[in-house]
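What TrEMBL records for 1-22 is region 'Disordered'. Annotation source TrEMBL lists transmembrane segment at 37-58, 92-114, 148-168, 180-197, 302-320, 332-351, 415-440.
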Amino acid sequence: MATHQVKKLAEGRKHQNMQNDTKASQGQWGRAWEVDWFSLASVLFLLMFAPLIVYYFIMSCAQYQCSLTDPVLDLLMGNKHLSDIWNSTPMLTYKAAGIYSLWVTFQVVLYVFIPDFCHKFLPGYVGGVQEGAVTPAGVVNKYEINGLQAWIITHVLCFVNASCFHFFSPTIIFDNWIPLLWCANILGYAVSTFAMIKGHFFPTNAKDCKFTGNFFYDYMMGIEFNPRIGKWFDFKLFFNGRPGIVAWTLINLSFAAKQQELYGEVTNSMVLVNVLQGIYVLDFFWNEAWYLKTIDICHDHFGWYLGWGDCVWLPYLYTLQGLYLVYHPVQLHAAHAVGVLMLGLLGYYIFRMTNHQKDLFRRTNGKCRIWGKKPEYIECSYMSVDGTKYYSKLMTSGFWGWARHFNYTGDLMGSLAYCLACGFEHVLPYFYIVYMTILLTHRCLRDEHRCSSKYGKDWKRYTAAVPHRLLPGVF
Ligand code: NDP
């Protein structure tokens with residue numbers, strides 16, 4: 001539903017009878033209020049093991065040429081003790097702390113103090129002040145969309161440094177990779193803990209907070225829906241997009257520079273990873289306004305899952321392919337490289353077009369054309385916590401008629417392409433596709449559970465019309 005219509009409805013406060021089961025819908029929108037044992041076990045597992053998983057992958061590359069089995073075998077056979085591995089791990093350095101502090105501060109400055117000018121000269125780009133979706137409490141937040149600008153400024157400065165000024169080496173990120181990991185962890189934990197305290201004592205919008213009473217669940221999944229400092233510093237938008245996603249392409253470029261330094265050339269596999277992931281990152285910033293309507297911003301609360309995840313998990317594990325290629329420079333046969341490129345581009349096309357179809361459909365309130373025809377849809381209604389009734393539509397044509405999350409399918413195809421670019425010698429680069437499959441399948445189930453609570457009987461009509469989730473006829 002277009003945002004201005006939502007606002008009109010909110011202003012009008014038209015309380016109407018609900019067709020759906022109101023009690024079930026109210027308060028069920030967004031993340032859970034109650035924690036079942038499985039969710040709690042998953043939360044505890046992730047809190048304990050996610051940081052170790054990141055460490056294990058990065059350490060395996062640094063000490064075992066990216067072999068995931070050798071460290072375990074070494075430990076089991078008594079060749080090494082845990083302390084040997086730990087003692088060989090670079091510690092936090094002043095240099096890394098300085099680089100990281102400068103990096104984050106620079107991104108904060110770009111985000112808070114430089115209003116977007118890209119939308120003034122880039123045709124078709126939506127930037128500047130934009131409205132997010134209506135929150136469960138009926139609030140519509142405003143956001144300064146300037147991520148593309150931050151990405152361009154950052155990359156231009158790095159390019160100018162590499163080609164003219166040489167203040168720092170283009171391999172600086174790779175050269176400080178593990179010390180920077182400790183810095184990213186410090187920020188990730190600090191921001192998650194701050195968000196938890198803020199949610200309890202000085203929330204931005206108390207009505208949009210959720211408490212389960214379980215400390216670990218609240219810490220992980222967040223209490224506040226949209227924590228902010230001042231009018232514009234929005235935690236979710238900042239940490240989701242920057243520093244992590246702006247860093248993604250810089251990290252890959254640093255890995256390419258390291259390949260050049262070590263072997264005197266950049267392999268075609270490294271070029272493919274840089275290009276395909278670069279397209280994904282640029283797409284993210286080009287569509288940052290659209291991103292305000294995705295699950296991360298529309299439904300997830302801000303806790304460790306987003307705070308630590310954006311600071312540590314994303315920059316360290318989404319870039320594993322490039323890291324792997326520094327240790328194993330793979331030169332692909334032309335047919336293999338073309339196959340990977342085609343798969344990556346097709347995946348990207350499906351991902352973008354599916355997301356675009358929904359965005360267009362929602363923006364125009366269904367008054368648009370999808371594949372040359374009027375879109376088909378199901379009318380739905382839901383209620384916010386203050387009892388205001390809203391209307392929405394679920395599209396059942398275009399890619400959204402093929403499967404309920406065909407955008408995830410496109411994303412998975414692209415993810416597989418990054419992994420295939422690394423050849424077949426090691427499993428480490430394939431972690432990404434395994435992780436994305438788990439993430440997006442879980443996300444799909446989580447989203448459907450939420451939509452079912454939100455739309456009630458209307459959701460059932462929708463799932464009857466579009467029976468499959470990711471792959472038509474299969475799942
Ligand atoms: P979606 O963009 O699919 O958004 C789901 C929401 O869209 C639902 O909650 C519902 O919201 C609405 N919706 C569902 N079905 C329909 C329909 N038929 N017609 C209209 N609206 C519908 O999910 P995400 O926000 O998770 O993902 C956005 C993109 O980001 C995806 O392409 C995904 O692959 C990508 N992504 C990438 C990640 C990564 O780490 N690389 C992580 C997460 C996502 P409402 O309540 O408004 O009805």
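Any Cβ shown, glycine's included, is placed from N, Cα and C.
Taking every listed stretch (37-58, 180-197, 302-320, 332-351, 415-440) in turn, the largest tally of C-beta pairs under 8 A with the transmembrane segment (92-114) is reached by 180-197. In this chain, the transmembrane segment (415-440) touches the transmembrane segment (302-320); three or more CB pairs sit within less than 8 A of each other, excluding pairs fewer than 6 residues apart.
Same-chain residues lying 6+ beyond the ends of the transmembrane segment (180-197) with a Cβ under 8 Å from its Cβ atoms: 51, 54-55, 58, 91-92, 96-97, 99-101, 104, 173, 218-219, 222-224, 227, 235, 239, 302-304, 307-312, 315-316.
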